[in-house]
Amino acid sequence: MSAVTTDTTSEKIATGKARQARIVGGVLIALALLVLFVLDVGAGQVATFKLSRPRDAIVLGDLVVPGQPFNLVAAALLAFLGVRQFLRGGVRWTSISLGVGLAILVMAFLVWATADKSFSLTGMLQATMVRAVPIALGGLAGVLCERVAVVNIAIEGMLLAGAFTGALIGSLLGGWGGLVAAVLVGGSFGLILAALVVTFRMDQIIAGVVINLFVLGLTSYVSSQVFAEVRSLNNAPVFRAWKIPLLGDIPVIGPMLFNQNLFVYGALILVAVATYYLFHTKGGLRARAVGEHPRAADTLGVDVYWTRYVHVTLGGMVAGFGGAWFTLGSVGRFDENMTGGRGFIGLAAMIFGRWHPVGALSAALIFGFADSLQQKLALLNTPIPSEFLAMAPYIATIIVVAGLIGKARAPAADGKPYVKE
Amino acid sequence: MDVELRGITKRFGSVVANDGVNLTIRGGEVLGLLGENGAGKSTMMNILSGLYSPDEGEILIDGKPVVFQGPGDGIEAGIGMVHQHFMLVPVFTVAENVVLGVEPTGRLGYLDLKRARAQVDEINQLYGLHVPADTLIEDLPVGIQQRVEILKVLFRQADVLILDEPTAVLTPQEVEEFFGIVRSLKEAGKAIVFITHKLHEILEVSDRVSVMRQGRIVGEGDPKTLTEADLAEMMVGRPVSFTVDKTVAEPGRPMLEVSDLVVLRDNDEIAVDHLNMVVKSGEVVGIAGVQGNGQSALVEAITGLARAASGKIVFDGKDITHFSVRQRHSEGMAHIPEDRHKSGMVSSFTIAENMVLNSYYEKPYSKGMAIDWPTVHKTAAKYCVDFDVRTPSVFLPAGNLSGGNQQKMVVARELERQTKLVIASQPTRGLDVGSIEYIHSRLIEARDEGDGVLIVSSELDEIMGLSDRILVMFDGRIVAEFDNTGGKADRNAIGLAMAGATEGAAA
């Protein structure tokens, strides 16, 4: 007989990954050219970034960046990272290089846009956090549902229901009453979704779409017919920012993290609690088992249906809380479809964040950053229409979700109804 | 702990799965439970583990009657089941899988993984299981995953272990190690029910054997005094021949030549790794190997279901690497797929429709754009007779047939044409002995008519019985080749090669 030896594992490096590494390399080199030729800053121009406001406790000086040298260095770094992808070791560095490369691009872009102007970095970071809140909470709601294998496309509707309830009940009973009501209403929509998909095994996408359409229709009707007539029903108090002593005075990150309203603190705490719960408690282990292999969980005495009901309802409550941000956390008034797709972006953040609460929050911050960047840039008068900038995070999501940076892996049983034997 | 089943009867609709079964299970003893698929073994064990409740009869534990309401009750009473299909969460570690449902916890439901790990290691030591507690299940070989299942049951303090077809996924060497574990469990006083349809395993490891057929216990005995032939006769109800009757092969021209073939999995990992092989006309080549070593990908690439990333596939002198499935088919390639439900048949279609799935567009079944149904029905009826597909009518949905008849239908469709090459993947998995004999003889017949035949099977007995030449596949490559003229290949050496030992003995 002929005995053929099997080769070492190094040969197992799949050709697909090498191809992916080369694609990323190409992208990085293209970005380098973009920075070099398009984001070209005139000689001698400087970009001024303000790190604090005049009335802050600790006032830092402005950060003044010489535009041309900075962007030349940025282009060189991008080119280096890109070329490196084509050489050995590219496979291992693919995701990191792309992440670093995109960060460099954003910096170069900011310098270019701010050339000979000044820009408040602190203000933008604060706005980033605020705008990330509903997306992060939507993403967290998604994590709670999908970890037990229920696809919750109804997050958008739950946010909207929370916003509406917050405004209505908030106007009648005050902010706290509105908040509790919003959470309860979000939870009931979670319960309805759970009943539809767990007990009646309805298609999860359709059930979610139905809830979205129902909430959109109902809230739009009431807001145009009732709120337009009786304005006092749509005039809720707003939770103001509450500065945490000392921590709130830290330059740059202080205003972002420690001088915010209830919703920002709530989102941060919920993310921490959810992370601890999912990965360090008995309940979390069981929930994840239900999402990965429900039959295995069932044979070990974990009640699959009950677990799904509980988590989808909890997810709904989180979304309801996130919805209240739109009214009680910002303007105090409900407008038709005021969530504007934030629930769906939350789902994207969940996937981007690989079904992890902290990941979802990080992704939400990126979306929030793009959102606030777009606003501030409108003030800076750049040649690029700000709407285009607003598209950037979604393009990033498409790339990520389509699998350029490795395959984000959903819970194995995600979207599948469970039928007991 | 002793368990007694008395007069257990279980019906599913009009089907009687268990018919007045009596069975005793004793501590410190291995009970071999033998029977063909559908004989009622699994139903009975599901009753014992509390998953089903019996329509009649009772279960006694140490003489006291018990009633189980659900799957939790069996394990509560100390009866643990190791399922044929593992119930493990692939992305959890061993320790997480073992403690799931009975987690050691601290305050606030904190999951004490350190304690879980220690508990797992303790059981490891006690029974010599050697399972790494911190490894993810998906990174472990199947043999070790099975030990995790056993660990799970032991962790829940089971005294009775039901092992459902535990050796189906193991290499011969892993089977030996597995038997070692079974023996150490026995010495520790556990009662073990070992379910299988492999006769020699029953004889090797059990202390007592019970044979089931059609829902009843049809024989009991002492393995020391029984032979394989006795057991087979009890199991099937008539004398069975173990060897496939065949003459010495007369290989002719190369029918299939695979060179430097690389096939990737969906996740871009290499499934088939620069593989070379030849199948000649008039010979049966068997590919042995533990499941998951690239056999499925190889078959898919040859039959056109998967794309070859690189390399060449030549069929009777023609390069077919980039041919479509239909082109390969019209060149004379027949494919009996490994999973008939997934890719061999359409359950909701009638038998007649299934019989022409691969040729409905050709004459005489199609006239212009219309299908000539009378011809289809006539031909299907003829195929059913030729291939012993037992059905009252060809108008019934194929899903109504028994597994054996479904498979014979697929085989009929593939072989009742002019073929030059037959690719058969797990052709007899889950079938009764009668159907297995029949399909085997048909494959040998195809060989004798001058076809090249390629068999892929994880049942080494099947490979040994059918093949003229045996290739062993490991990690995407052919790692060894054995001449099996007259069934003379060295079983032990094949087993070693299947486990990836590269020094494999010569044949």
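Any Cβ shown, glycine's included, is placed from N, Cα and C.
Listed in TrEMBL for this protein:
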- A:21-43: transmembrane segment (TRANSMEM)
- A:63-83: transmembrane segment (TRANSMEM)
- A:95-115: transmembrane segment (TRANSMEM)
- A:121-143: transmembrane segment (TRANSMEM)
- A:150-173: transmembrane segment (TRANSMEM)
- A:179-198: transmembrane segment (TRANSMEM)
- A:205-223: transmembrane segment (TRANSMEM)
- A:262-279: transmembrane segment (TRANSMEM)
- A:343-368: transmembrane segment (TRANSMEM)
- A:388-406: transmembrane segment (TRANSMEM)
Could you tell me whether the transmembrane segment (A:121-143) and the transmembrane segment (A:262-279) are in contact, taking contact to mean 3+ Cβ pairs under 8 Å with a sequence separation of 6 or more? yes
Does the transmembrane segment (A:343-368) make contact with the transmembrane segment (A:179-198) through 3 or more Cβ pairs under 8 Å, each pair 6 or more apart in sequence? no
The transmembrane segment (A:121-143) vs the transmembrane segment (A:150-173): 3 or more CB pairs under 8 Å: yes
Taking the transmembrane segment (A:205-223) as the first stretch and the transmembrane segment (A:150-173) as the second, find out whether 3 or more Cβ pairs fall under 8 Å, excluding pairs closer than 6 in sequence. yes
Please report, as numbers and ranges, the same-chain residues at least 6 past the borders of the transmembrane segment (A:95-115) whose CB is under 8 Å from any CB of it. 24, 27-28, 31, 34-35, 39-42, 45-49, 65, 67, 70-71, 74-75, 77-78, 81-82, 84-85, 377, 380, 382, 396, 404-406
